[in-house]
Amino acid sequence: MESLTLQPIARVDGTINLPGSKSVSNRALLLAALAHGKTVLTNLLDSDDVRHMLNALTGLGVSYTLSADRTRCEIIGNGGPLHAEGALELFLGNAGTAMRPLAAALCLGSNDIVLTGEPRMKERPIGHLVDALRLGGAKITYLEQENYPPLRLQGGFTGGNVDVDGSVSSQFLTALLMTAPLAPEDTVIRIKGDLVSKPYIDITLNLMKTFGVEIENQHYQQFVVKGGQSYQSPGTYLVEGDASSASYFLAAAAIKGGTVKVTGIGRNSMQGDIRFADVLEKMGATICWGDDYISCTRGELNAIDMDMNHIPDAAMTIATAALFAKGTTTLRNIYNWRVKETDRLFAMATELRKVGAEVEEGHDYIRITPPEKLNFAEIATYNDHRMAMCFSLVALSDTPVTILDPKCTAKTFPDYFEQLARISQAA
């Protein structure tokens with residue numbers, strides 16, 4: 001297996017122009033495909049997950065042109081639901097941001113489409129979404145294991161009263177929200193359980209509004225969506241920088257700054273993961289907010305005990321930053337780490353122990369006490385981009401770290417290690 005050894009980093013300083021947000025890129029691509037008119041998306045993320053969405057749109061007959069660097073995309077909207085000519089199979093890799101929204105959107109009208117993906121995708125639950133779509137009339141068949149992809153979709157979603165469990169993934173609700181306006185009837189979506197990752201729902205609502213559709217949000221408990229609507233192209237749309245990707249550089253500055261400035265997001269960003277900067281500030285770093293940037297300057301870091309349900313992806317970065325904080329850090333209410341690219345609670349606990357941390361792994365929490373000195377270790381990444389990026393922070397000690405399968409960052413940030421090297425000074 002390929003590996004990358006990072007030598008100790010003495011200091012980080014500089015500016016990072018963030019790649020586009022994965023969450024925003026894939027939502028914007030789907031809405032642009034469903035909309036009337038031509039949409040030009042700029043600062044689109046070029047990564048595995050986005051390529052899977054683009055490949056699916058090609059399979060569905062959507063025409064678009066990409067710039068040479070794949071960050072500008074011109075899409076000719078379909079002016080309504082997407083249809084396949086005859087039976088079709090779409091392979092979506094391990095891209096939850098493609099699988100979940102497409103599973104819903106392709107239930108409009110009459111299709112015969114199979115959605116499948118990598119082995120890990122077949123372990124990521126989708127039952128709550130399928131249950132909700134079936135309540136709205138959709139005809140969906142599990143082809144292998146009940147409640148997991150691959151799925152066969154045969155249309156039929158017309159709207160009506162739909163319940164969805166919000167406790168596992170907010171992407172199920174996102175998928176329903178984006179699909180419901182195009183259904184013939186009105187849809188009332190009721191949320192069962194506690195809604196996780198609520199800020200991601202705000203991204204969805206924000207984008208839908210950009211494409212001309214507003215819905216009634218009743219305190220995130222119930223959503224009322226008028227049927228028979230259509231999305232309208234906004235003309236051009238700039239994709240925000242990826243706030244989850246920003247977390248690694250901001251944390252690096254908190255540990256070994258200097259000052260690092262990330263551009264492409266700022267105080268008015270729609271992504272909940274910008275709140276990660278508040279967590280670093282609480283730990284002792286200095287944060288400065290602009291309209292189009294966030295900067296972080298080193299501080300003496302202290303441990304925290306926090307509910308991280310609102311920023312689950314960025315919270316992983318706090319788990320490795322905790323290695324540099326004084327005291328024991330506890331991250332709570334993060335059960336949904338277990339259903340991501342890998343079981344992130346298990347993976348994080350296992351790898352933190354390798355570098356010498358004392359770790360308690362609970363059902364939905366992790367408690368981390370750093371060692372006096374970090375051990376040199378080979379870090380397994382579990383084909384999870386965030387594991388690779390989080391553990392790069394270990395090099396901010398006086399100990400090198402080896403990252404196995406470093407190219408797994410291609411899911412969201414193909415040139416992550418080059419960007420980190422650009423702001424790093426060797427010890």
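Easy rule for this one: first residue shown is 1, then count along the chain.
Cβ atoms are placed via backbone N, Cα and C, with glycine included.
In the shown protein chains, 25 other C-beta atoms lie within 10 A of the C-beta of Arg344 (phosphoenolpyruvate binding site). Taken from Swiss-Prot, the feature phosphoenolpyruvate binding site applies to Lys22, Gly96, Arg124, Gln171, Arg344, Arg386, Lys411, supported by sequence analysis.
The 3-phosphoshikimate binding site annotation in Swiss-Prot covers Lys22, Ser23, Arg27, Ser169, Ser170, Gln171, Ser197, Asp313, Asn336, Lys340 and is backed by sequence analysis. Under DSSP, Gln171 (phosphoenolpyruvate binding site) is assigned to a helix (H, G or I) in the three-state scheme.
Sequence-distant neighbours of Asp313 (active site, proton acceptor): residues of the same chain at least 6 apart with a C-beta under 8 Å from its C-beta are Ser244, Ser247, Asp273, Lys340, Arg386. The feature active site, proton acceptor is assigned by Swiss-Prot to Asp313, with sequence analysis given as support.
Most buried of the binding-site residues Arg27, Lys411, judged by other Cβ atoms within 10 Å, is Arg27. Just so you know, of the binding-site residues Gln171, Asn336, the Cβ with the fewest other Cβ atoms around it within 10 Å is the one at Asn336. The separation of Lys411 (phosphoenolpyruvate binding site) from Ser197 (3-phosphoshikimate binding site), Cα to Cα, is 20 Å. Counting Cβ atoms from all protein chains shown, Lys22 (phosphoenolpyruvate binding site) has 26 others lying within 10 Å of its own Cβ.
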